[in-house]
Each structure stands twice: as C-alpha cells, then as structure tokens.
Amino acid sequence: MSTIRPVFYVSDGTGITAETIGHSLLTQFSGFTFVAERMVFIDDAEKARDASQRILAASERYRVRPIVVNSCVNPYLSVILAESGALMLDVFAPFIGLLEHELNTSRHSCVGRAHGMVDFETYHRRINAMNFALAHDDGVAASYDEAEVILVAVSRAGKTPTCIYLALHYGIRAANYPLIDEDLNSDQLPLRLRPYRKKLFGLTINPERLQQIRQERRPNSRYAALDTCKREVAAAEQMFSAERITTLSTTHTSIEEISSKVLVTLGLQREMF
C-alpha cells in the first residue's frame, strides 16, 4: 500500500471546519504522507462535478484512493463528490439525523453558519479581543485592567500566538508580558504585574528549543546563545515557583492545548467561535 495519500478538504463555505476536523483525524496516523488540497465554496452542481473530476484525476495520478473530508451542507453535492470513488468522510452526515430526531425538527441547510458572521455582537467581541491582544503585545500597553488573561514568559516562548488564538477563537482579551533581564534578577513578580496576580499564567520552554527559535530570529547573537536561554528559562521558572504562578511548557504543546489549559486554570468559560 502506498504511503502517499491525496486528501481533499471540500466545503461549500470557507473549508475551516473540514480542514480542522480532517487534520485532527489524520494526525492520528503516522507513516503516511498526506498531500492535501482545499476545495472551498463548492456550492453548486457544476462546481461539485468539477471537484469530483479533480479528485478522480488524483486517484489516477497517485494510483491510490483519495480521502475526501466533506463539509458540504447540501446532500446532493455530496452525492456528486462521491462519484469520484474517493473515501468520503462527511463531517455532518453521522450527526444530523440523530439531532433532527432528538430535537424533533429538520435542519436548516444554510451554508457558512459555523464560521459566518451570523451573530454581529459575537463578531465584534472577537474583533475587539483581537485588537486588544495586538495593543497589549509584549508589554506595550501601560495597563492590564481590562485583560482577562496575562501570559508571562521569556521572549519567544509562545506568548503572542497563544494570545492571538485566544482572541480569535474565544474572544478572550489576552495580554502578554515579556520577562527581561531586569525582571529575571529577582524571584518576585515585576511591579506592573503584581496587581493582576489572579490573571497571570506562566509559559516556559526547553532552553534548547528556545535557542533554535531565537537563532532563526537573530542568528549568532547573544540573545540566541544557549547559555542565555538556559539562564533566562531557569530564572523565569524560579520566579513562577516562588510566586506560585501556574506554568505550562510550550516545548511540545500546541497552541490549542495551551489555550485550553489557560482557560481551565483561570476559570474562563467561553464558547469557541
């Protein structure tokens, strides 16, 4: 059996749902090279037939059955896609019937409900959270009064991407504070952070991994030196321990996992967008 498998994320909308679920499924299988292609806004029969032909062509090119992760709402489009002979993984089909029976009503076949701008209030909360994260990146803002979360770590430990993820996916007002040499000379929290102790969450990282990341940013600099990374990480961890700040290593942890841990630890109940 070939270890190369073509994968198609097909959607009548943005494809975010299909790609997210498909990626989560495929990461469970090692030893394969998945060649992925996104087919989005497949919202009529003509587009579905064209997509089906492209999928069929891939099966002939790779001499193996393609995998299709399909989130098209219209069942008729799914039938056309299935004519390609691919393995069809329908995101909605296994659950729609069960929900219709339980709720005693039929679904509304409306494209884009999962990631469309359906609720304007929610959308604006999300945008405002994103603006907040950018305005409070790397300790730029003077006040953290409105922050729901403040991530604390040395430079390049994963603070900014986690804040952006929390803002985009949960509408969380997330700020971050970079620990600098002056901060790391003490086991105590920096003065700016002390009033916000209940909002703090510490991130740490393996020094060797940190050195690799910093080397890409500033090659052969003192900033990227391994001994610098070791010293900063050790000092930050000592501070977190002394101040009893919950800490998580980002070395082998995804942004999704970090974000979930932050929400649970700080008791923030927020529905994912």
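Here the Cβ of each residue, glycine as well, is placed from N, Cα and C on the backbone.
Per Swiss-Prot, these features apply:
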BINDING   Ala153, Val154, Ser155, Arg156, Ala157, Gly158, Lys159, Thr160  ADP binding site
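Structure with Swiss-Prot features highlighted.
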residue: Ala153; record: ADP binding site; contacts (Cβ under 8 Å, 6+ apart): Lys159, Asn176, Pro178, Leu179, Gly202, Leu203, Thr204, Ile205, Ala236, Thr250
residue: Val154; record: ADP binding site; contacts (Cβ under 8 Å, 6+ apart): Pro178, Leu179, Leu184, Ile205, Leu210, Glu232, Val233, Ala236
residue: Ser155; record: ADP binding site; contacts (Cβ under 8 Å, 6+ apart): Pro178, Leu179, Ile180, Arg214, Tyr223, Glu232
residue: Arg156; record: ADP binding site; contacts (Cβ under 8 Å, 6+ apart): Ile205, Leu210, Ile213, Arg214, Arg217
residue: Ala157; record: ADP binding site; contacts (Cβ under 8 Å, 6+ apart): Leu203, Thr204, Ile205, Leu210, Thr250
residue: Gly158; record: ADP binding site; contacts (Cβ under 8 Å, 6+ apart): Leu203, Ile205, Thr250, Ile255, Ile258
residue: Thr160; record: ADP binding site; contacts (Cβ under 8 Å, 6+ apart): Asp137, Asp138, Asn176
Chain-mates of Ala153, Val154, Ser155, Arg156, Ala157, Gly158, Lys159, Thr160 with C-beta within 8 Å of site centroid, ADP: Asn176, Pro178, Leu203, Ile205, Thr250
Coarse DSSP state, helix versus strand versus coil, of Ser155 (ADP binding site): coil
Three-state secondary structure, Thr160 (ADP binding site) (per DSSP): helix
